[in-house]
Amino acid sequence: MAAASRATIAALDAARLSPSVTPAAAATIPRPTVPFPAISPRGAPADGWGGPEAVACGPALSLRPDGCSLRARATTLRLPHGEVNTPIFMPVGTHGTVKGIPSEELAEELDCRIALANTYHLGVKPGKAVLDAHGGLHGLMRWPRNLLTDSGGFQMVSLLHLANITEEGVTFQSPSDGTTMLLTPEASIALQNAIGSDVMMALDDVVDSKTVDDERFLEACHRTLRWIDRCIAANANPDRQSLFAIVQGGLDVSSGGLREACLHGLLERDAALPGFAIGGLAGGEDKGSFWRVVAQCCEALPAHKPRYLMGVGYPLDLVVCSALGVDMFDCVFPTRTARFGVALVTGGQLRVKGARFRDDPRPLDPACGCAVCRRYSRAQLHALARSSDSLGPQLLSHHNIAYMLGLCRRMRSSIVAGPEPFQAFVRGFLNEYFPPEGPQGPVAVPRWAAEALAYAGVDIGPDLAARVEPEGTPDPDTAALPVVAPDWTAAAAAKPAAAAAKPAAAAAKPAAAAAAVAAAAGSADGGLGQ
């Protein structure tokens with residue numbers, strides 16, 4: 001991290017919140033007086049925010065403001081394949097399909113309006129010729145809704161050992177057959193033109209957020225600005241495909257630092273860019289730095305264009321970052337964790353392989369109305385998860401995507417309703433995830449989340465504030481918190497007494513297997529390994 005960035009974070013830490021974590025305690029941290037101003041095209045003030053008129057972000061994208069609460073935004077994006085209501089979570093279909101969920105199921109049963117695919121992987125297989133033969137990815141996957149494609153820049157991190165990065169582009173060596181592929185800004189855009197995605201991401205120079213090489217971050221920041229000009233010039237279909245730029249700059253949130261420099265450089269090209277993304281995060285960096293980068297970017301980016309936070313998909317992160325002003329999210333976490341037998345439910349996660357679900361007749365989540373919760377019991381899903389039947393991961397994937405989309409819909413409704421309903425929603429969510437009465441007592445609220453929400457003006461209330469982690473608490477693994485049944489007390493009381501009588505050898509799981517499951521769930525942070 002740059003020295004200037006460390007100094008800025010130190011200054012922010014000096015103004016950190018008292019244990020009460022009230023919005024008043026955050027007053028010393030500067031923020032805009034009007035966090036979500038009404039903006040019309042070309043930046044002229046509009047008559048009001050939340051009216052029926054859409055704002056043209058580009059030839060193939062418009063944004064209609066539906067409401068705001070504090071910094072949180074609710075908008076409707078109009079794209080070539082239909083409208084998308086925000087905040088929105090986008091399921092990841094790296095190779096052109098969301099694992100375990102057929103396209104028609106994703107569109108019709110889950111009402112998913114936009115999904116994500118990856119340019120690099122689609123360029124390797126099936127390749128441009130097959131995409132051209134099907135009229136693009138929409139035809140190949142029989143997908144009637146919108147698509148967003150990553151540029152391939154993320155693979156500079158996930159496939160770093162197979163990549164060589166130069167000013168021309170990045171050369172990847174195929175992990176399967178050893179062949180090489182040069183992905184330049186022009187090649188990335190040409191592939192995305194062939195894919196036919198509604199939203200294309202510019203090729204950026206991505207650096208792992210935990211890297212300690214300041215010169216590498218500096219190089220990546222300025223190369224990203226040089227590459228965006230090449231991406232803009234290469235787009236053959238600007239009237240049908242919207243190009244989003246990606247803000248890089250590591251964790252440097254200092255005045256005049258790398259994030260600010262990248263923001264200023266991209267905003268100089270605002271007229272050619274229908275939207276913006278925040279990149280280079282969700283790679284295991286500390287959460288205090290994470291939310292500060294998100295806040296800085298949201299404050300600087302245009303209010304009349306969509307803001308996409310790349311690779312972020314934990315439920316808590318969605319709620320906090322929506323409060324900071326983010327519109328769009330993606331991550332492999334919901335489907336990847338499903339393949340390890342984990343369901344996302346109101347209040348946390350259920351590991352359905354657990355013995356306590358063997359005879360449980362309840363649905364995964366009584367508050368969920370998805371097809372899985374309507375038709376399958378926890379006991380049946382437990383049996384499937386303990387077997388080698390592929391149906392189990394498919395059903396859990398369906399439910400987990402339904403949960404994420406439902407979370408976004410509930411959050412959107414509260415934002416549209418106004419600041420008080422939105423703050424009530426946030427308090428309700430936090431009380432579900434971090435309840436006052438758990439099997440081992442009250443569950444602490446992560447301090448980083450409380451501070452970020454206070455910075456956004458959200459009052460979490462005295463009860464939750466009293467349970468905020470003390471100063472100096474290490475960042476929690478938010479992918480693993482909490483892994484419990486929604487009804488904590490009932491779940492603890494329902495543990496069969498017979499379980500205690502099982503032989504220790506049978507009751508103890510091999511340490512290696514437990515570590516593998518934990519690592520698999522944790523490694524989904526930010527969509528690593530998409």
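Note: Cβ is positioned from N, Cα and C throughout, glycine not excepted.
Binding site for Zn(2+) per TrEMBL: Cys368, Cys370, Cys373, plus His399 from the candidate set His304, His399. Per TrEMBL, the listed range annotated as region 'RNA binding' is 311-317 (candidates: 178-184, 311-317, 430-436). According to TrEMBL, the feature region 'RNA binding' maps to residues 335-339, out of the candidate ranges 50-54, 335-339, 410-414.
Listed in chain order, the extra residues whose Cβ falls within 8 Å of the Cβ center of the Zn(2+) site residues Cys368, Cys370, Cys373, His399 are Pro363, Leu364, Asp365, Gly369, Ala371, Val372, Arg374, His398, Ala402, Tyr403. Cβ neighbour count for Cys370 (Zn(2+) binding site): 22 (other Cβ atoms within 10 Å of its Cβ, all protein chains included).
Mean pLDDT across the domain 'tRNA-guanine(15) transglycosylase-like' (71-433) comes to 94 in this model. Cβ neighbour count for Gly280 (substrate binding site) (all protein chains, 10 Å cutoff from its Cβ): 34.
Looking at Gln248 (substrate binding site) and Cys370 (Zn(2+) binding site), their Cα atoms lie 37 Å from each other. Counting Cβ atoms from all protein chains shown, His399 (Zn(2+) binding site) has 27 others lying within 10 Å of its own Cβ.
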